[in-house]
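Colleague: Heads up, here are the entries from TrEMBL:
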TRANSMEM  119-150  transmembrane segment
TRANSMEM  156-178  transmembrane segment
TRANSMEM  190-210  transmembrane segment
TRANSMEM  257-279  transmembrane segment
TRANSMEM  300-323  transmembrane segment
TRANSMEM  353-371  transmembrane segment
TRANSMEM  378-395  transmembrane segment
TRANSMEM  401-420  transmembrane segment
TRANSMEM  432-454  transmembrane segment
TRANSMEM  460-481  transmembrane segment
TRANSMEM  488-509  transmembrane segment
TRANSMEM  529-549  transmembrane segment
């Protein structure tokens, strides 16, 4: 028998922590009944025996006895792994810097100011950094703002002006509402209700959410409020209820597909109704100013209903095929959900407060135009109720790191994109496109096709639908009309695309940062599937939609 003995001096801290009565007690120790050597360790029927913790006749503390047929095993302490670096990932950081430096020193095109070109270099470098993520997104955005201030491209007030924009704050507040949904259990209660009704298949669950959101779209003109304040908490609760969580490898069980599906369909429902997105009335106003024709609510809905419904049906199905959830069928889920609801019992006081607050906030979102209360003011009021009643605490709000990170990078991009427009870069780009397309001598159909594609994919440079519409809508509509496109037809198509283009990136429309911030879908996949679904939407809306618009006499 070989014994592994360690001197008592090496265990002084442990000995001091034990009382004298403990010293006399036997210690459970482990004795393997197999060979133990320096090269191999095989364990078979192992047994536990006891030995005194301290022997009065020995200067050694015997902890473990091991039987061995060869030699005593030597215990070698495992090496301490090096701490991971807390700084930036070097290669992605260099890629971001290289993008900015190269563009910075490219000769400035005629008609573009030096400041505008420098800001474009910083903006694109920041976008590359956001894609490659050498640091968290908020940190990348702060670096971009820092460079713009350091190089005098933007004054400090201009660089940080995005933090005064209501949309990033509305998105931030949406995360706090989600916290209340989850904390009170209301989110789980609603999720179990959905699962009990539609949970036998993931696809059925997805469609129930998609069409629920579309039904609310005409009444809630803020896609950020609708998607973030109402549906994001519900979707997150459903994912958790189905065992799909962030960070434990179960994201693709349900959450990845469901998050991407609900986001992509939110831009479709926003395109279907004049009152479904805050910037849609801006399109109608610019149309009236440009071609002296009015797009009414019914005109918009009649033109958008057919391609919109087809997109709402096909997009979830396409994503289900190309980015499928691993959980597809769960025939026992509705029964289990009903059992969970019974265990939860009646609604708690905090659940009732959360429900009433949600109804109040949604009511103000719906009727805010009549009451002269905007969406972010309604959200502040709702959050105030949650804070005062203790449903959500300020400490919990401060702990919502994703909310503050999203606020930071989205506000930074809004500021930079806004000043690209103010510095005249977007105007120069629009005029360049106009001259190019007008000089090709094509039919109005082909010319308009080129224009809408350029209008659509230039949204990569915008962090706001309203900013894009304000900068480019009038110019592109004027050129399309000059090239022979029926004016009303051109205006309504550009209006629809002004919503659909929001699905390209994680910053292109108000619902994007909310769903991306849930962290179920990696950024590369978000952009990749965003581009793919954009092609699907363009085919549906310009193909089938074109036929429908011909049928109703738009062209």
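Just so you know, glycine gets a Cβ as well, placed from its N, Cα and C.
For each feature listed, report its degree of burial, its nearest neighbours and the pertinent distances within the displayed model.
Modeller: Within its own chain, the transmembrane segment (156-178) is flanked in space by residues 145, 148-149, 187, 222, 224-225, 227-229, 232-233, 236, 358, 361, 374-376, 379-380, 382-383, 386, 392, 397, 400, 402-404, 406-407, 410-416, 418-419, 464, 510, 513-514, 517, which lie at least six positions past its ends and keep a Cβ under 8 Å from the stretch.
Tertiary proximity for the transmembrane segment (353-371) is limited to same-chain residues at least six positions away from its ends with a CB under 8 Å from its CB atoms, namely 177, 180-181, 184, 186, 219-222, 225-226, 229-230, 347, 377-379, 381-382, 385-386, 389, 391.
Among residues of the same chain six or more beyond the transmembrane segment (378-395), those with a C-beta under 8 A of the stretch's C-beta atoms are 169-170, 173-174, 176-177, 179-180, 183-184, 225, 229, 350, 353-354, 357-358, 360-361, 364-365, 368.
Remote same-chain residues near the transmembrane segment (401-420) are listed as 116, 119-120, 122-123, 126, 130, 136-138, 140-142, 144-145, 148, 154, 158-163, 165, 167-169, 171-172, 175-176, 426, 461-464, 467, 507, 513-514, 517-519 (criterion: CB distance under 8 Å, separation of at least six residues from the stretch ends).
Distant neighbours of the transmembrane segment (488-509): 130, 223, 263-264, 266-268, 270-271, 276-277, 279-280, 283-284, 287, 290-291, 293, 295, 299-300, 303-304, 307, 409-410, 413, 448, 452, 455-457, 459-460, 462-463, 465, 468-469, 473, 476-477, 480-481, 516, 523, 526-527, 530-531, 533-534, 537-538, 541-542, 545, 549, 554-555; these residues of the same chain sit at least 6 beyond its ends, with a Cβ under 8 Å from one of its Cβ atoms.
Same-chain residues lying 6+ beyond the ends of the transmembrane segment (529-549) with a Cβ under 8 Å from its Cβ atoms: 260, 264, 268, 271, 303, 306-307, 310-311, 314-315, 318-319, 322-323, 449, 452-453, 456-457, 489, 492-493, 496-497, 500-501, 503-506, 521, 555.
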Colleague: Do the transmembrane segment (300-323) and the transmembrane segment (257-279) come together with 3 or more C-beta pairs under 8 Å, pairs six or more apart in sequence?
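Modeller: These two stretches do touch.
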Colleague: In the same chain, which residue numbers or ranges, 6 or more beyond the ends of the transmembrane segment (119-150), come under 8 angstroms Cβ to Cβ?
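Modeller: Hits for the transmembrane segment (119-150): 88-93, 95-97, 99-101, 103-104, 156, 159-160, 404-409, 411-413, 415-417, 419-420, 423, 425, 460-461, 507, 523-524, 527.
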Colleague: State the residues, same chain only, that lie 6 or more residues beyond the ends of the transmembrane segment (432-454) and have a CB under 8 A from a CB inside it; answer 'none' if no residue qualifies.
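Modeller: That would be 475-476, 478-480, 482-485, 490, 493-494, 497, 538, 542.
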